[in-house]
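What TrEMBL records for this protein:
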- 22-44: transmembrane segment (TRANSMEM)
- 64-88: transmembrane segment (TRANSMEM)
- 100-125: transmembrane segment (TRANSMEM)
- 131-151: transmembrane segment (TRANSMEM)
- 185-202: transmembrane segment (TRANSMEM)
- 235-252: transmembrane segment (TRANSMEM)
- 287-310: transmembrane segment (TRANSMEM)
Amino acid sequence: MAVAEPATPELKRASRGNASPLWLASLIAGVLVLAGLVSVVYGIPMLLDAVAGRGKTGALTPFVRAAIEVLFQVVAVIVLGILGTKLGGGEGRPGIRGGIFVAISLLFTVFFLARAVAMIAQRVFTFADPVALGVFLGAIAGFAILTYKLFGSGRFDSWAKGVEDAGLFSSSLYKKNLGLRVRRLTILGILLIFGSGVYTLMENGWLEVNNPGTNTNNWIIHTPFLADFILLPDIRFTVPLLLLGLGLWLAWRAINMPMFADFLIATEAEMNKVSWPTRKQLIRDTIVVLVTLAIFTLFFFLVDVFWSWLLSRDLIDILPHADVKQLPGLDDAPIKP
């Protein structure tokens, strides 16, 4: 009888060797994600201007124009997310989602570190813009080499898998039919916290940006030796939407993390064991509590009147008599230090 032989370690290593390294796949996927975001953030406004014409879109109020753009951008992000999930084969390669996050974070870190080095060098040594641009490109090359060594050290794989194991980038559900009431209340509480923060930002005007020479409220990255570019357009609307979206996603992932979800499920199970009173019992017990409070209030009032009368008698003479009048002008007298 033929018996299937188990895969040898050499075959396993060969199969793994055929696949691209995790850092390379994550870097390519991260670049594609950034390209999709750039097309959503910058491409949709340009497309609206091209289709509707600047004369028509310019006649709209800023709020209506921003609402139309945000609507199309949200739809585009959802469509790109669905397409990316389908093309990636569902869950995809283990560690790829965390790797995409780490790769994008490293790309931003390299850019802003190189920008800081070039701007500091230009300020200290008064370089011209072409020289500062060369320093910027050299800094990017240096940080890119360090990042490549980091990729080859194996730390990238551990970071990517650690981020993915945290469950922040997974859409899986954990015991979805248990603890529904407490889970929904938990989502509501987290959204109230984020909503309060967004309301505070908008109410105090912290999302108002004054760009010199322009009438826009965009988050612009100013770099002397590079052309200014918009990091986020119209942050009065984009930042609140991003924060609310982040809060919704964190709330959704929090109630599906195994440890926290088990705690919520156990909490609802304990609440179900409590025997809640009926409506009739609740009304009766409320009346008893209110009557008891009224009796206590009357008792303390009578005790206060009795002791005030007793301590103002001539035999004790601790409190002044009720018929003793206060000296005129005593309240108006200044208090000497």
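Every residue gets a Cβ built from N, Cα and C, even glycine.
For the transmembrane segment (22-44), the neighbouring stretch richest in Cβ pairs under 8 Å, chosen from 64-88, 185-202, 235-252, 287-310, is 64-88. Between the transmembrane segment (235-252) and the transmembrane segment (287-310), fewer than three CB pairs separated by 6 or more residues in sequence fall under 8 Å, so the two stretches do not touch. Same-chain residues lying 6 or more positions outside the transmembrane segment (185-202) and placing a CB less than 8 Å from one of its CB atoms are 236, 239-240, 243-244, 246-248, 250-252, 254-255, 264.
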